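Undergrad: Copied straight from TrEMBL:
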| type | residues | note |
| --- | --- | --- |
| BINDING | 205, 207, 288, 296, 345, 433 | Mg(2+) binding site |
| BINDING | 283, 347, 348, 349, 415, 428 | ATP binding site |
| BINDING | 340, 341, 397, 403, 415, 435 | L-glutamate binding site |
| DOMAIN | 85-173 | domain 'GS beta-grasp' |
| DOMAIN | 180-544 | domain 'GS catalytic' |
| MOD_RES | 473 | O-AMP-tyrosine |
């Protein structure tokens, strides 16, 4: 057994005075008996920044993770990272309206020729090829790399430094009004200009499923999908050549059992090793309620734009680690019928001059500011749904009795309410948790929209009313009718956004052009689903 290897197929080489240096992703080969050549790259002050690990014989086994948890990356430091990691390429990433990352890759030598100029004026690209953006008549866009986001990609064979970019409109040199990251930046700027606070902290909890495989196809004569998962409850009756071990969670039985029922421990640990190496602080990882390997990796909060960046990086790591395990990860809210779906609960607080404005002596230790913030979210929740729950599949999750928060109410500890106040031991940790968002949400747009709704509540002193300290799933019919709900469909949510979006326009955070284009863009999703026959319709109506 190599000093780097261990059963389970992954290993981590740890730096004693900092954090994890590198992680080897588990391939089908167990590393027992192989030779390793570890080549550390020093930062000049006695701390290893990254480490090249080569497996002999050669495979796709070049993995380097930078250690920049404590170091804010200036252009100088980003250049230093490129040079000292011996990077061959720089990968420029940006996020589209749907929340999917795109990238362009340039040779590192181009960056090093004139770093100041390159970081100020990144490469141009065709914005008309990005869904939901402007057409070919106004398609010229430019990337502006943010040096503070630089890290060494842990998956590419060639050493590649990744840098997240803002999208700039060359016409005025400002952030493009449909660029999600620029919108998030404007939301942070609006908070400061409002005088209410100077910092908004966000802590999302995106849940996800990891399957062994998935097949899906849509044609004019055929529509189907099939999920393969040895940990799915439906697999208990499969023969599997006599190798069915029987250890798997039942429906709604997946929450935190030990192995062998939890078969994802090593997979999640590999994900966590990489996330920590990239500076994303992990607080906990565990299996979730849903059968078929539903999971969650809980990470530490950060400021709005930074946490949105980290959410994108987190999705990238989770999907690629799963891929390298020979599995497939999805953030789809409801991939499995009849069991819990995946949410993205979003913890939030506003601070000013180092003080948590949500801490007070009111209900559940909240201040009036926090209650008004909750009031703003509840008031605008249906419009927010179009952004925080932006897929048609989102509303298959938002149904009663699957731990989905359908009722627009707030409560301490009560997980049936759409706004929860977590129990904490410190005023610094006082926060609110919006439970209705899901991980198909674009984090830049979702966090910005939630902040704008909350600020509207504070500015207009919108009180959320009395808390709901009872199980909202089991209310008598007369009480149930009095509690408002989230939207039941994307179509309803888009209609709500069309009617209620003035709060998003304040400070130029979102533009009217963005609102109109977004609604039109997402209405196409609604049309596609509406026009497609569903297999259940054959079951219900074929023989009538």
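The backbone N, Cα and C atoms fix where each Cβ goes, glycine too.
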Undergrad: Give the sequence-ordered list of residues that share a chain with residue 296 (Mg(2+) binding site), lie 6 or more positions from it, and have CB atoms under 8 Å from its CB.
TA: 205, 206, 207, 208, 285, 286, 288
Undergrad: Closest of the recorded positions to residue 435 (L-glutamate binding site), Cα to Cα, picking from 283, 345, 428, 473?
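TA: Nearest candidate: 345.
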Undergrad: Near residue 348 (ATP binding site) in space, meaning Cα within 10 angstroms, which of the binding-site residues do we find among 340, 403, 433?
TA: 433
Undergrad: When the Cα-Cα distance from residue 428 (ATP binding site) is computed for each of the binding-site residues 340, 345, 397, 403, which gives the smallest value?
TA: 345
Undergrad: Within the domain 'GS beta-grasp' (85-173), what mean pLDDT does the predicted structure show?
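TA: Mean model confidence (pLDDT) across the domain 'GS beta-grasp' (85-173) is 92.
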Undergrad: List, in sequence order, the same-chain residues at least six positions removed whose CB sits under 8 Å from that of residue 433 (Mg(2+) binding site)?
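TA: Sequence-distant Cβ neighbours: 345, 346, 347, 348, 419, 420, 421, 422.
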Undergrad: What same-chain residues, at least 6 away in sequence, bring their CB to under 8 Å of the CB of residue 283 (ATP binding site)?
TA: 298, 299, 300
Undergrad: Applying a 10 Å Cβ distance cut-off over all chains shown, what neighbour count does the residue listed as 'O-AMP-tyrosine' have?
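TA: Excluding its own Cβ, the residue listed as 'O-AMP-tyrosine' sees 15 Cβ atoms within 10 Å.
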Undergrad: Residues with Cβ closer than 8 Å to the Cβ of residue 397 (L-glutamate binding site), same chain and 6+ apart in sequence?
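TA: Expected: 333, 334, 341, 342, 343, 404, 438.
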Undergrad: Centre the Cβ atoms of 340, 341, 397, 403, 415, 435, go out 8 Å, and tell me which other residues of that chain have a Cβ in range of the L-glutamate site.
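TA: These residues sit around the L-glutamate site: 289, 343, 402, 404, 405.
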Undergrad: Within 10 angstroms of the C-beta of residue 415 (ATP binding site), what count of other C-beta atoms is obtained when all protein chains are considered?
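TA: Around the Cβ of residue 415 (ATP binding site), 13 other Cβ atoms lie within 10 Å.
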Undergrad: Tell me which residues of the chain lie with their Cβ under 8 angstroms from that of residue 340 (L-glutamate binding site), as long as they are six or more apart in sequence?
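TA: For residue 340 (L-glutamate binding site), the qualifying residues are 252, 288, 289, 290, 294, 402, 403, 404.
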Undergrad: Which of the listed binding-site residues (345, 347, 428, 435) has the least company, meaning the fewest other Cβ atoms within 10 Å of its Cβ?
TA: 428
Undergrad: Hey, how far is the residue listed as 'O-AMP-tyrosine' from residue 415 (ATP binding site), Cα to Cα, in Å?
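TA: The residue listed as 'O-AMP-tyrosine' and residue 415 (ATP binding site) have their Cα atoms 10 Å apart.
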Undergrad: Per DSSP, the residue listed as 'O-AMP-tyrosine' is which: helix, strand or coil?
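TA: Once the DSSP labels are grouped into three classes, the residue listed as 'O-AMP-tyrosine' ends up as helix.
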Undergrad: When DSSP states are folded down to helix, strand and coil, where does residue 428 (ATP binding site) land?
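TA: DSSP call for residue 428 (ATP binding site): helix.
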